[in-house]
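Novice: According to TrEMBL, the protein carries these features:
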- 22-287: domain 'Glutamyl/glutaminyl-tRNA synthetase class Ib catalytic' (DOMAIN)
- Arg25, Phe26, Ala27, Pro28, Ser29, Glu61, Tyr196, Arg214: L-glutamate binding site (BINDING)
- 28-38: motif ''HIGH' region' (MOTIF)
- Cys112, Cys114, Tyr137, Cys141: Zn(2+) binding site (BINDING)
- 252-256: motif ''KMSKS' region' (MOTIF)
- Lys255: ATP binding site (BINDING)
Amino acid sequence: MESLRRWFLLYPEGMEGTPPVVTGRFAPSPTGAMHLGNARTALLAWLHSRAAGGRHLLRFEDLDTGRVRPWAYDVTRRDLEWLGLDWDEEHLQSERLELYAHALSRLDTYPCTCTRREVTEAIAASAGAPHGDEPVYPGTCRDRPAHLDRSAARRWRVPAVTVCAHDTLRGWTLCQVLPAEVGDIVLRRNDGVYAYHLAVVVDDAAMGVTDVIRGEDLWPATPRQVALQDALGLPPVRYGHVPLLHDVAGQRLAKRGGAPSVREWREGGTSAGTVLALLARSLGWDVPDDVSAAELLPAWQAWSLHELDLDRPQT
Ligand code: GLU
């Protein structure tokens, strides 16, 4: 009964007996080898897609070419295969630049040649304190001609509205006033690199993604992605933000922090089933010492049901 209830909460447009089509994705940045935290997010995204009988995509978010490590593509593919997390399609953002250029041309943007220092000084001089951890761009270049001798970034002139994002998995809602809490974000950097926020919404729509399961570090950035979807007339997606994995010292695992990589486990002779059991147990799931990804489907269904606050109205 509960699982039926859950089904209709997550897939409200579904008709009895005809499961709606779900498309999910895992979107790693090939900037290094996946650590266990990345693998856990990959596992949860896969479980969500497959539990719904849906398609699952692998999308390499490789726009920031300076940070990309060419070997990381193959290592990631092999790690995922080893864990049994298969995918139906693979995409590389670096091959999709025309799409982002087209989307950018449809938005109200302006060139910005302010240096980082000028922006920081303007923030310090402005009366409003920055909201949260991230300083909000105070609009320094909004009505100022760009320096022709400097390469320009393109900033989005955000509409003066409040945008809310909803997380179906956790029952969360987050509303942000765009000008005050987000500001005119850069959609293309001055070195020509398109911003993740633009690429992610363009790609999710173009690839027919319906469900985004990803790390909860991205939750504060979700309203701006919803705002971009709205501005571009793209369909909304369902979000589910999953907890990040922390080490014993309480620090979030990071590629740069030297967290042990899945590759090391794989090449060191540990079985994939052991690693999957470790990941599942880190979520509090009661599983045997050695499991396959498919065997974790019921545990995911039970967990995602439990994580939802069923007493709260779902939006
Ligand atoms: N590329 C992002 C990351 O590796 C994930 C983006 C997303 O899932 O929307 O954290």
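From the backbone N, Cα and C atoms, a Cβ is placed for every residue, glycine too.
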Novice: List the residues in the vicinity of the L-glutamate site, defined as same-chain residues other than Arg25, Phe26, Ala27, Pro28, Ser29, Glu61, Tyr196, Arg214 with C-beta within 8 angstroms of the site's C-beta centre.
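Specialist: Other same-chain residues with Cβ inside the cutoff are Arg59, Phe60, Val200.
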Novice: Other than Cys112, Cys114, Tyr137, Cys141, which residues of the chain come within 8 Å of the Zn(2+) site, judged by Cβ distance to the Cβ centroid of those residues?
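Specialist: Neighbours within 8 Å of the Cβ centroid, excluding Cys112, Cys114, Tyr137, Cys141: Thr113, Glu118, Val119, Gly139, Thr140, Arg142, Ala153, Arg155, Asp184.
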Novice: Would you mind sorting out which binding-site residues among Phe26, Ser29, Cys112, Tyr137, Cys141, Tyr196 put a C-beta under 6 angstroms from ligand 1?
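Specialist: Result: Ser29.
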Novice: Quick one: among the binding-site residues Phe26, Tyr137, which has the most Cβ atoms sitting within 10 Å of its own Cβ?
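Specialist: Result for the most crowded candidate: Phe26.
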Novice: Helix, strand or coil for Ala27 (L-glutamate binding site)? Use DSSP.
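Specialist: Its secondary structure by DSSP: coil.
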Novice: Fill in the CA-CA distance, Ala27 (L-glutamate binding site) to Cys141 (Zn(2+) binding site), as an integer in Å.
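Specialist: Ala27 (L-glutamate binding site) and Cys141 (Zn(2+) binding site) have their Cα atoms 32 Å apart.
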Novice: Here's one to test understanding: among the binding-site residues Phe26, Ser29, Lys255, whose C-alpha is closest in space to the C-alpha of Cys112 (Zn(2+) binding site)?
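Specialist: So, spelling it out, the nearest of the binding-site residues is Ser29.
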Novice: In the motif ''KMSKS' region' (252-256), how many residues does DSSP assign to helix, to strand and to coil?
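Specialist: Tallying H, G and I as helix, E and B as strand, the rest coil: 2 helix, 1 strand, 2 coil.
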Novice: With every protein chain in view, how many other Cβ atoms are within 10 Å of the Cβ of the residue listed as 'ATP binding site'?
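Specialist: Taking all protein chains shown, the residue listed as 'ATP binding site' has 18 Cβ neighbours within 10 Å.
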Novice: Between the Cα atoms of Arg25 (L-glutamate binding site) and Tyr137 (Zn(2+) binding site), what distance do you get, rounded to the nearest Å?
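Specialist: One finds 31 Å between the Cα atoms of these residues.
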Novice: Which residues, sitting 6 or more apart from Tyr196 (L-glutamate binding site) on the same chain, put a CB under 8 Å from its CB?
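Specialist: Non-local contacts for Tyr196 (L-glutamate binding site): Glu61, Leu63.
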